[in-house]
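Feature list (source: TrEMBL):
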- A:30-52: transmembrane segment (TRANSMEM)
- A:91-118: transmembrane segment (TRANSMEM)
- A:96-397: domain 'ABC transmembrane type-1' (DOMAIN)
- A:138-158: transmembrane segment (TRANSMEM)
- A:200-219: transmembrane segment (TRANSMEM)
- A:231-251: transmembrane segment (TRANSMEM)
- A:271-293: transmembrane segment (TRANSMEM)
- A:351-373: transmembrane segment (TRANSMEM)
- A:379-400: transmembrane segment (TRANSMEM)
Amino acid sequence: MTTLADQPVTASNESFKLSMLLNDTRYRSLTFQFIALVAIIAFMAFVGGNLVRNLTEAGLNISYAFLGEPSGYDINQRPIEYDSQSSHGRAAVVGLLNTLIVAFLACVTATIFGVIAGVLRLSNNWIVSKLMSFYVEIFRNVPVLIWILIIFSVMINVAPSPRDFRGDDAVASMWLFDSIAVTNRGVYLPKPVMGDGSMIVLAVFALSVIGIFAFRNYARKQLFDHGRMVPVFWPSIGLFFIPAILTQFVLGNPITLSYPSLQGFNFRGGITILGSLIALWFALAIYTGAFIAENVRAGIQAISKGQTEAAAALGLRPNRIMSLVVLPQALRVIIPPLISQYLNITKNSSLAIAVGYMDVTGTLGGITLLQTGRAIETILLLMAFYLTVSLLISFFMNVFNNRMKLQER
Amino acid sequence: MKNTLFLGALACTALTAGVAGAATLDEVKARGTLNCGVTTGVPGFAEPDANGVWQGFDVAVCRAVAAAVLSDPNAVEFVPTTGKTRFTALASGEIDMLARNTTWTFSRDVDLKFEFTGVNYYDGQGFMAPKDLGVTSAKELDGATVCIQTGTTTELNLADFFRANGISYEPVPIETGAEAVQQYNAGACDVYTTDASALAAQRANFEDPAAHVIMPEIISKEPLGPLVRHGDNEWADIVRWTLNALITAEELGVTSANLNELAAGSDNPEINRLLGTEGDLGGMLGLDADWAERAIGVAGNYGEIFEKNIGESTPIGLARGLNAQWTDGGLLYSPPFR
């Protein structure tokens, strides 16, 4: 033992020779790392220098002054005030918000699709499990751009155009008592209009949401302390709807709905959800949902069968086994790949231009780039945007993951 | 994203290859082909025919330049570009010239560092709508959904027009003309707007062209012409004067029918200078004496090219209008060959 331990000491006493950088395993990796580092720095310096030199030769320069100039173009979906006199910078922000909107909607929907499909794929029912594997395989193995285009072209060709709603013998009609119009330009929903006293209704609604959480806590306490099962589902539903609706009636309908109606070329006076948003949202959700389904399946299968059997032996019903025993444990396997699916959705949303949805790639990286010709500046900015958004999503999901993961002792 | 990737890739090419040097003429001669940027397909202007051979009004300019420089009108590599990719393709040196319904504007000329070498079609932006919509003027379009090709001057004109008239609209941005037509025909937009010439060209391909009207308003000036990179004046001169040779040929009555006869020498000194039997205009350009004869020989003079591709006898059926010779009340006016 002592002789073995002594050997490195004697080795380090040897005088350092240059050949040891290559021949000695202790230094070799360092040598190569150093060489790689120098090569990368040299390459970056070469590319950067080349860029600057070529730009100067072509008489161009890197400048972000264009961000303050009027953009001159219009955007069809404006989460914030914007018109053609607003600046390119503002157009970029509008685009960024549009990216975040579609990414958020698609993440939520994809998670729902994925969890349902992933759980059902393990169903004992042959038809259900085969249907779900069919869904997963079909949607996972066709590129998302194709799905976006398919869904969009089906939508614009199948849904009626607004002019079909016109006239006495209209070909198309609105849904749900003339309140919702589904057209090939988008879906028009009634918009709530806040009248006097509507704040009270909203306050009651907020209170009842808090009430739901309180009730669930109470039910949990009853279960843990006294072993009594208090039904939770129907009371929660009741709490959600009844107080707010009652207040609405008692106060004499302070919140009214403004229904969309056909005026001129389009429906107006409601909430518009653009067809391009729907197509993009749905395509991203259903495509990524297929991947999430596989993650969920992997997570569930990672939980040993003994857990399920033990829970069943305790007398839990199958849906409770899934929601109380299996899924909470499966989450720690599911969440890390889920993070990367969320990042994929955010990045894939840049395919928006295929259906004319004005995301940040469409405004800043599309029209602004072309109208100003500032390719390098806009692409750099675009990269920074996506990097920031992705890192933020990653950060928050990692925080969530850390809270969810098994606390090992 | 395709295009962004493409732009990114081009930017990288530009970085490593460097902005192409000054002598485009030498490069083209050494390569033996002319790289000419065209549209991805606008009937009459630039579109491959059934045999995959590019045909059209803009294509004819590329072929004329190739004939003048390389003595072969078929020595052209046509590079289809979209509204988004065209300028990067030209700036990076991927193409030697761009002949693609591109509007000559101040900022493109000055800020983007391009050199417009003339105007081969005086156009203006128009609107097309289905006849049964009952709209007769663009000013009645309040609240309409408008399909528009993104990244073009038409996008800006549209915003200006509606703003100036105090009416509102919903833009539907679309990448290529073909997709725009698809959406327009499906009723996803009420109106389609682009250059009036392209509207006529695309309407010609509809099932029932008569069911669509082009509004009388022309809301912008769109002088369309070939362009090259800034900084290579010799190359710009060649493209500019090839176009001028086609226009001058029509003015002087040089046609594909009498070209050979006139090239042998005529009584008109300007025809002689143009066709190289008098003076040394070709030599001044760095070409030989017959350059213009070859350029005109490809498909005839400007008027013949116009009639063959987009004139009134074609399905596109455009009248000469502003694009008539100045002697016929149009705007075509080539500086003299002297």
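Easy rule for this one: first residue shown is 1, then count along the chain.
Keep in mind that glycine also has a Cβ here, set from the backbone N, Cα and C atoms.
Unlike curated records, TrEMBL annotations are generated automatically.
Sequence-distant contacts of the transmembrane segment (A:231-251) (same chain, at least 6 residues past either end, Cβ-Cβ under 8 Å): 197, 200-201, 204-205, 207-209, 211-212, 215-216, 219. It is A:91-118 that, among the stretches A:30-52, A:91-118, A:138-158, A:351-373, A:379-400, forms the most Cβ pairs under 8 Å with the transmembrane segment (A:271-293). Sequence-distant contacts of the transmembrane segment (A:91-118) (same chain, at least 6 residues past either end, Cβ-Cβ under 8 Å): 67, 71, 73, 75, 77-80, 82, 132, 135-136, 277, 280-282, 284-297, 299-300, 338, 341-342, 345-346, 349-350, 352, 357-364, 367-368, 381, 385, 389.
The stretch from A:30-52, A:351-373, A:379-400 that makes the most Cβ contacts under 8 Å with the transmembrane segment (A:138-158) is A:351-373.
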